[in-house]
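Annotation comment: TrEMBL describes 21-66, 179-203 as region 'Disordered'. Annotation source TrEMBL lists compositional bias 'Gly residues' at 55-66. Here TrEMBL flags 78-97 as transmembrane segment. Taken from TrEMBL, the feature domain 'Fe2OG dioxygenase' covers 224-344.
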(Lines of atoms letter the chains of each structure in order from A and count residues from 1; the text may use other names and numbers.)
(Lines give C-alpha, C1' and ligand atoms only; values in the text may rest on other atoms or scores of the structure.)
Protein backbone atom coordinates (compact mmCIF):
# COMPACT_ATOMS: atom_id res chain seq x y z
CA UNK A 1 0.00 0.00 0.00
CA UNK A 2 2.83 2.35 0.83
CA UNK A 3 4.42 1.44 -2.47
CA UNK A 4 1.34 2.37 -4.51
CA UNK A 5 1.36 5.79 -3.02
CA UNK A 6 4.68 6.57 -4.68
CA UNK A 7 4.65 8.76 -7.71
CA UNK A 8 4.23 6.88 -10.95
CA UNK A 9 7.74 7.54 -12.16
CA UNK A 10 9.22 6.26 -8.88
CA UNK A 11 7.40 2.88 -9.02
CA UNK A 12 9.16 -0.33 -10.16
CA UNK A 13 9.03 -1.28 -13.89
CA UNK A 14 6.82 -4.32 -13.28
CA UNK A 15 4.39 -2.32 -11.26
CA UNK A 16 4.08 0.37 -13.91
CA UNK A 17 3.04 -2.26 -16.50
CA UNK A 18 0.26 -3.72 -14.42
CA UNK A 19 -2.39 -1.23 -15.49
CA UNK A 20 -1.62 -1.94 -19.13
CA UNK A 21 -1.94 -5.73 -18.69
CA UNK A 22 -5.20 -5.48 -16.83
CA UNK A 23 -8.02 -6.89 -19.10
CA UNK A 24 -10.47 -4.47 -20.56
CA UNK A 25 -13.92 -4.43 -19.22
CA UNK A 26 -16.53 -5.86 -21.65
CA UNK A 27 -19.78 -4.00 -22.09
CA UNK A 28 -22.82 -5.49 -20.46
CA UNK A 29 -25.36 -7.48 -22.51
CA UNK A 30 -28.10 -5.09 -21.70
CA UNK A 31 -26.46 -2.32 -23.64
CA UNK A 32 -23.97 -3.69 -26.18
CA UNK A 33 -21.50 -1.21 -27.52
CA UNK A 34 -19.87 -1.67 -30.90
CA UNK A 35 -16.14 -2.16 -30.75
CA UNK A 36 -14.17 -0.93 -33.72
CA UNK A 37 -11.07 -2.64 -32.32
CA UNK A 38 -12.70 -6.14 -32.30
CA UNK A 39 -14.16 -5.77 -35.84
CA UNK A 40 -10.81 -4.71 -37.22
CA UNK A 41 -9.09 -7.68 -35.62
CA UNK A 42 -11.75 -10.08 -36.97
CA UNK A 43 -11.41 -8.79 -40.52
CA UNK A 44 -7.64 -8.92 -40.27
CA UNK A 45 -7.72 -12.51 -38.98
CA UNK A 46 -10.09 -13.59 -41.80
CA UNK A 47 -7.91 -12.04 -44.48
CA UNK A 48 -4.82 -13.61 -42.97
CA UNK A 49 -6.41 -17.09 -42.94
CA UNK A 50 -7.61 -16.60 -46.56
CA UNK A 51 -4.08 -15.57 -47.63
CA UNK A 52 -2.54 -18.61 -45.94
CA UNK A 53 -5.14 -20.95 -47.48
CA UNK A 54 -4.58 -19.58 -50.97
CA UNK A 55 -0.83 -19.86 -50.58
CA UNK A 56 -0.78 -23.33 -49.09
CA UNK A 57 -3.72 -24.87 -50.97
CA UNK A 58 -5.58 -25.72 -47.78
CA UNK A 59 -9.32 -25.68 -47.28
CA UNK A 60 -10.91 -22.53 -45.97
CA UNK A 61 -12.97 -23.30 -42.91
CA UNK A 62 -13.53 -19.81 -41.64
CA UNK A 63 -16.78 -18.06 -42.17
CA UNK A 64 -15.00 -14.81 -42.91
CA UNK A 65 -15.51 -12.63 -45.96
CA UNK A 66 -12.62 -14.11 -48.00
CA UNK A 67 -13.84 -17.70 -47.52
CA UNK A 68 -17.38 -16.90 -48.74
CA UNK A 69 -16.04 -15.34 -51.92
CA UNK A 70 -13.91 -18.38 -52.63
CA UNK A 71 -16.82 -20.76 -52.15
CA UNK A 72 -18.88 -18.70 -54.62
CA UNK A 73 -16.12 -18.89 -57.20
CA UNK A 74 -15.81 -22.65 -56.81
CA UNK A 75 -19.56 -23.31 -56.82
CA UNK A 76 -20.17 -21.99 -60.41
CA UNK A 77 -17.84 -24.45 -62.26
CA UNK A 78 -19.20 -27.32 -60.18
CA UNK A 79 -22.78 -26.46 -61.20
CA UNK A 80 -21.83 -26.18 -64.88
CA UNK A 81 -19.97 -29.48 -64.76
CA UNK A 82 -22.93 -31.20 -63.09
CA UNK A 83 -25.36 -29.87 -65.73
CA UNK A 84 -23.07 -31.06 -68.52
CA UNK A 85 -22.83 -34.53 -67.02
CA UNK A 86 -26.62 -34.79 -66.63
CA UNK A 87 -27.17 -33.66 -70.24
CA UNK A 88 -24.63 -36.16 -71.56
CA UNK A 89 -26.16 -38.97 -69.54
CA UNK A 90 -29.65 -38.15 -70.83
CA UNK A 91 -28.46 -38.01 -74.44
CA UNK A 92 -26.67 -41.35 -74.23
CA UNK A 93 -29.66 -42.87 -72.48
CA UNK A 94 -32.02 -41.75 -75.23
CA UNK A 95 -29.80 -43.34 -77.85
CA UNK A 96 -29.66 -46.56 -75.87
CA UNK A 97 -33.43 -46.87 -75.41
CA UNK A 98 -34.28 -46.00 -79.04
CA UNK A 99 -32.16 -48.83 -80.41
CA UNK A 100 -34.08 -51.88 -81.58
CA UNK A 101 -33.61 -54.74 -79.15
CA UNK A 102 -32.11 -57.96 -80.35
CA UNK A 103 -34.60 -60.70 -81.00
CA UNK A 104 -38.36 -60.24 -81.22
CA UNK A 105 -39.90 -56.79 -81.24
CA UNK A 106 -42.73 -55.72 -79.03
CA UNK A 107 -45.85 -56.05 -81.23
CA UNK A 108 -47.47 -53.11 -79.43
CA UNK A 109 -44.52 -50.83 -80.01
CA UNK A 110 -45.04 -48.42 -82.95
CA UNK A 111 -42.76 -49.13 -85.88
CA UNK A 112 -40.30 -46.52 -86.96
CA UNK A 113 -40.84 -44.79 -90.32
CA UNK A 114 -38.16 -46.91 -92.02
CA UNK A 115 -39.85 -50.12 -90.86
CA UNK A 116 -43.27 -48.89 -91.98
CA UNK A 117 -41.96 -48.01 -95.46
CA UNK A 118 -40.26 -51.40 -95.71
CA UNK A 119 -43.43 -53.22 -94.64
CA UNK A 120 -45.66 -51.43 -97.17
CA UNK A 121 -43.18 -51.11 -100.04
CA UNK A 122 -40.50 -53.81 -99.91
CA UNK A 123 -37.11 -52.43 -100.78
CA UNK A 124 -35.91 -53.27 -104.30
CA UNK A 125 -32.35 -54.33 -104.92
CA UNK A 126 -30.19 -51.83 -106.78
CA UNK A 127 -30.62 -52.30 -110.53
CA UNK A 128 -33.50 -54.76 -110.18
CA UNK A 129 -35.50 -52.89 -112.81
CA UNK A 130 -32.79 -53.61 -115.37
CA UNK A 131 -31.56 -50.01 -115.45
CA UNK A 132 -28.22 -48.94 -113.91
CA UNK A 133 -30.08 -46.03 -112.30
CA UNK A 134 -33.64 -44.70 -112.10
CA UNK A 135 -34.58 -43.42 -115.55
CA UNK A 136 -37.27 -41.15 -116.92
CA UNK A 137 -39.53 -42.19 -119.80
CA UNK A 138 -40.36 -39.14 -121.91
CA UNK A 139 -43.75 -38.97 -123.60
CA UNK A 140 -46.04 -36.59 -125.44
CA UNK A 141 -49.79 -36.19 -124.97
CA UNK A 142 -51.51 -36.63 -128.32
CA UNK A 143 -55.13 -36.50 -127.25
CA UNK A 144 -57.49 -36.44 -124.27
CA UNK A 145 -60.36 -38.03 -126.23
CA UNK A 146 -59.19 -40.72 -126.45
CA UNK A 147 -56.41 -40.56 -123.89
CA UNK A 148 -53.39 -41.20 -126.10
CA UNK A 149 -49.69 -40.79 -125.27
CA UNK A 150 -46.70 -41.00 -127.59
CA UNK A 151 -43.31 -42.38 -126.40
CA UNK A 152 -40.41 -41.49 -128.71
CA UNK A 153 -37.45 -43.90 -128.84
CA UNK A 154 -39.11 -46.26 -126.39
CA UNK A 155 -37.09 -49.27 -127.62
CA UNK A 156 -33.67 -49.57 -129.24
CA UNK A 157 -33.15 -50.58 -132.86
CA UNK A 158 -31.50 -53.81 -131.73
CA UNK A 159 -34.49 -54.75 -129.56
CA UNK A 160 -36.90 -54.14 -132.44
CA UNK A 161 -34.83 -56.23 -134.86
CA UNK A 162 -34.61 -59.11 -132.37
CA UNK A 163 -38.40 -59.17 -131.93
CA UNK A 164 -38.95 -59.21 -135.72
CA UNK A 165 -36.43 -62.01 -136.14
CA UNK A 166 -38.06 -64.11 -133.40
CA UNK A 167 -41.62 -63.60 -134.69
CA UNK A 168 -40.97 -64.00 -138.43
CA UNK A 169 -40.81 -67.80 -138.32
CA UNK A 170 -44.11 -68.03 -136.44
CA UNK A 171 -46.34 -65.74 -138.52
CA UNK A 172 -49.87 -66.85 -139.31
CA UNK A 173 -52.83 -64.99 -140.84
CA UNK A 174 -54.33 -62.71 -138.24
CA UNK A 175 -57.68 -63.66 -136.74
CA UNK A 176 -60.56 -61.77 -135.14
CA UNK A 177 -62.60 -62.14 -131.99
CA UNK A 178 -66.05 -62.72 -133.46
CA UNK A 179 -69.13 -60.96 -132.17
CA UNK A 180 -72.55 -62.57 -131.90
CA UNK A 181 -73.79 -63.53 -135.37
CA UNK A 182 -70.38 -63.08 -137.08
CA UNK A 183 -68.29 -65.72 -138.85
CA UNK A 184 -64.91 -65.88 -140.53
CA UNK A 185 -66.58 -65.56 -143.90
CA UNK A 186 -68.50 -62.41 -142.99
CA UNK A 187 -65.45 -60.75 -141.40
CA UNK A 188 -63.05 -61.52 -144.23
CA UNK A 189 -61.10 -58.42 -145.27
CA UNK A 190 -61.42 -56.59 -141.95
CA UNK A 191 -57.99 -57.70 -140.80
CA UNK A 192 -55.58 -58.72 -143.52
CA UNK A 193 -52.28 -58.74 -141.65
CA UNK A 194 -50.30 -61.74 -140.39
CA UNK A 195 -49.01 -62.18 -136.88
CA UNK A 196 -48.25 -64.31 -133.86
CA UNK A 197 -48.48 -64.20 -130.09
CA UNK A 198 -45.19 -64.10 -128.19
CA UNK A 199 -44.59 -64.01 -124.45
CA UNK A 200 -41.42 -62.65 -122.93
CA UNK A 201 -40.41 -66.17 -121.90
CA UNK A 202 -40.55 -67.33 -125.52
CA UNK A 203 -38.06 -64.72 -126.72
CA UNK A 204 -34.51 -66.10 -126.45
CA UNK A 205 -32.98 -62.67 -127.03
CA UNK A 206 -34.58 -61.15 -123.92
CA UNK A 207 -35.78 -58.11 -125.85
CA UNK A 208 -39.46 -58.66 -125.07
CA UNK A 209 -38.73 -59.00 -121.34
CA UNK A 210 -36.95 -55.64 -121.33
CA UNK A 211 -39.73 -54.00 -123.33
CA UNK A 212 -42.42 -55.51 -121.12
CA UNK A 213 -40.74 -54.20 -117.98
CA UNK A 214 -40.52 -50.72 -119.45
CA UNK A 215 -44.18 -50.81 -120.49
CA UNK A 216 -45.12 -51.67 -116.90
CA UNK A 217 -43.16 -48.65 -115.68
CA UNK A 218 -44.73 -46.35 -118.28
CA UNK A 219 -48.31 -47.48 -117.62
CA UNK A 220 -47.81 -48.04 -113.86
CA UNK A 221 -49.57 -51.39 -114.21
CA UNK A 222 -47.89 -54.69 -113.28
CA UNK A 223 -46.54 -57.06 -115.90
CA UNK A 224 -48.95 -59.74 -114.69
CA UNK A 225 -51.87 -57.73 -116.14
CA UNK A 226 -50.52 -57.82 -119.68
CA UNK A 227 -51.42 -60.33 -122.38
CA UNK A 228 -48.65 -61.85 -124.52
CA UNK A 229 -47.35 -59.58 -127.29
CA UNK A 230 -49.27 -59.71 -130.54
CA UNK A 231 -46.58 -59.15 -133.20
CA UNK A 232 -48.09 -58.14 -136.56
CA UNK A 233 -46.77 -57.62 -140.08
CA UNK A 234 -48.60 -55.46 -142.63
CA UNK A 235 -47.55 -55.75 -146.24
CA UNK A 236 -48.59 -53.43 -149.07
CA UNK A 237 -52.35 -53.01 -149.15
CA UNK A 238 -52.93 -54.73 -145.81
CA UNK A 239 -54.87 -52.96 -143.07
CA UNK A 240 -57.03 -53.32 -139.99
CA UNK A 241 -60.44 -51.66 -140.10
CA UNK A 242 -61.58 -49.47 -137.18
CA UNK A 243 -62.45 -51.43 -134.04
CA UNK A 244 -62.38 -51.37 -130.23
CA UNK A 245 -59.86 -53.32 -128.19
CA UNK A 246 -62.24 -53.58 -125.21
CA UNK A 247 -65.01 -56.19 -125.36
CA UNK A 248 -68.59 -55.02 -125.00
CA UNK A 249 -70.40 -57.72 -122.96
CA UNK A 250 -73.58 -57.03 -124.93
CA UNK A 251 -71.78 -58.10 -128.13
CA UNK A 252 -69.16 -60.59 -126.90
CA UNK A 253 -70.84 -62.02 -123.82
CA UNK A 254 -69.71 -61.88 -120.16
CA UNK A 255 -66.04 -61.06 -119.59
CA UNK A 256 -63.88 -62.20 -116.67
CA UNK A 257 -61.67 -59.14 -117.13
CA UNK A 258 -61.48 -56.17 -119.46
CA UNK A 259 -58.79 -54.56 -121.58
CA UNK A 260 -57.96 -51.21 -120.02
CA UNK A 261 -55.24 -49.97 -122.33
CA UNK A 262 -53.18 -50.88 -125.40
CA UNK A 263 -49.48 -50.23 -126.01
CA UNK A 264 -48.24 -50.33 -129.61
CA UNK A 265 -44.50 -50.56 -130.26
CA UNK A 266 -43.51 -49.82 -133.85
CA UNK A 267 -40.74 -52.21 -134.90
CA UNK A 268 -39.99 -50.71 -138.34
CA UNK A 269 -40.33 -47.50 -140.30
CA UNK A 270 -42.97 -47.38 -143.04
CA UNK A 271 -42.26 -45.50 -146.25
CA UNK A 272 -45.89 -44.55 -146.82
CA UNK A 273 -49.19 -45.41 -145.18
CA UNK A 274 -49.69 -47.73 -142.25
CA UNK A 275 -50.70 -44.98 -139.80
CA UNK A 276 -52.62 -45.78 -136.62
CA UNK A 277 -55.79 -43.71 -136.80
CA UNK A 278 -58.47 -42.56 -134.35
CA UNK A 279 -61.47 -41.38 -136.40
CA UNK A 280 -63.52 -40.27 -133.36
CA UNK A 281 -60.89 -38.03 -131.74
CA UNK A 282 -62.57 -35.30 -129.65
CA UNK A 283 -65.94 -36.72 -130.67
CA UNK A 284 -65.50 -35.83 -134.35
CA UNK A 285 -67.09 -37.90 -137.15
CA UNK A 286 -69.41 -39.72 -134.75
CA UNK A 287 -72.61 -38.39 -136.31
CA UNK A 288 -71.78 -38.58 -140.00
CA UNK A 289 -72.27 -42.28 -140.65
CA UNK A 290 -68.55 -43.05 -140.55
CA UNK A 291 -67.30 -45.75 -142.92
CA UNK A 292 -64.98 -48.03 -140.99
CA UNK A 293 -62.79 -48.38 -144.09
CA UNK A 294 -61.94 -44.68 -144.09
CA UNK A 295 -58.59 -43.56 -142.72
CA UNK A 296 -59.45 -40.22 -141.07
CA UNK A 297 -59.09 -38.38 -137.77
CA UNK A 298 -55.96 -38.46 -135.62
CA UNK A 299 -53.15 -40.37 -137.37
CA UNK A 300 -49.87 -41.59 -135.90
CA UNK A 301 -47.11 -42.45 -138.39
CA UNK A 302 -45.03 -45.53 -137.44
CA UNK A 303 -41.41 -44.88 -136.55
CA UNK A 304 -39.00 -47.60 -135.50
CA UNK A 305 -38.65 -47.83 -131.71
CA UNK A 306 -41.48 -45.40 -130.88
CA UNK A 307 -44.46 -46.37 -128.74
CA UNK A 308 -48.14 -45.42 -128.59
CA UNK A 309 -50.32 -45.87 -125.50
CA UNK A 310 -54.08 -45.31 -125.48
CA UNK A 311 -56.84 -46.23 -123.04
CA UNK A 312 -59.98 -48.11 -124.05
CA UNK A 313 -61.95 -47.57 -120.84
CA UNK A 314 -63.23 -44.46 -119.13
CA UNK A 315 -62.52 -43.83 -115.45
CA UNK A 316 -65.90 -45.37 -114.53
CA UNK A 317 -65.03 -48.59 -116.38
CA UNK A 318 -67.21 -48.08 -119.45
CA UNK A 319 -65.81 -48.25 -122.97
CA UNK A 320 -64.54 -44.92 -124.29
CA UNK A 321 -66.34 -44.39 -127.64
CA UNK A 322 -63.49 -42.20 -128.90
CA UNK A 323 -61.00 -45.08 -128.51
CA UNK A 324 -62.15 -46.52 -131.84
CA UNK A 325 -58.99 -47.05 -133.91
CA UNK A 326 -57.56 -48.89 -136.88
CA UNK A 327 -54.50 -49.33 -139.11
CA UNK A 328 -54.43 -47.52 -142.45
CA UNK A 329 -53.35 -49.58 -145.50
CA UNK A 330 -49.63 -49.74 -146.20
CA UNK A 331 -48.82 -47.98 -149.48
CA UNK A 332 -45.06 -48.52 -149.65
CA UNK A 333 -42.79 -50.64 -147.51
CA UNK A 334 -43.68 -53.00 -144.67
CA UNK A 335 -45.07 -52.38 -141.21
CA UNK A 336 -44.14 -54.38 -138.12
CA UNK A 337 -45.78 -53.64 -134.76
CA UNK A 338 -45.93 -55.36 -131.36
CA UNK A 339 -49.14 -54.81 -129.39
CA UNK A 340 -49.43 -55.31 -125.63
CA UNK A 341 -53.02 -55.38 -124.29
CA UNK A 342 -53.26 -54.55 -120.59
CA UNK A 343 -56.20 -55.79 -118.51
CA UNK A 344 -57.74 -54.72 -115.22
CA UNK A 345 -56.88 -58.07 -113.61
CA UNK A 346 -54.00 -60.48 -113.65
CA UNK A 347 -53.99 -62.60 -116.81
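In case you wondered, yes, glycine gets a Cβ from its N, Cα and C as well.
Within the model, the domain 'Fe2OG dioxygenase' (224-344) carries an average pLDDT of 94. Across the domain 'Fe2OG dioxygenase' (224-344), DSSP classifies residues as 12 helix, 50 strand, 59 coil.
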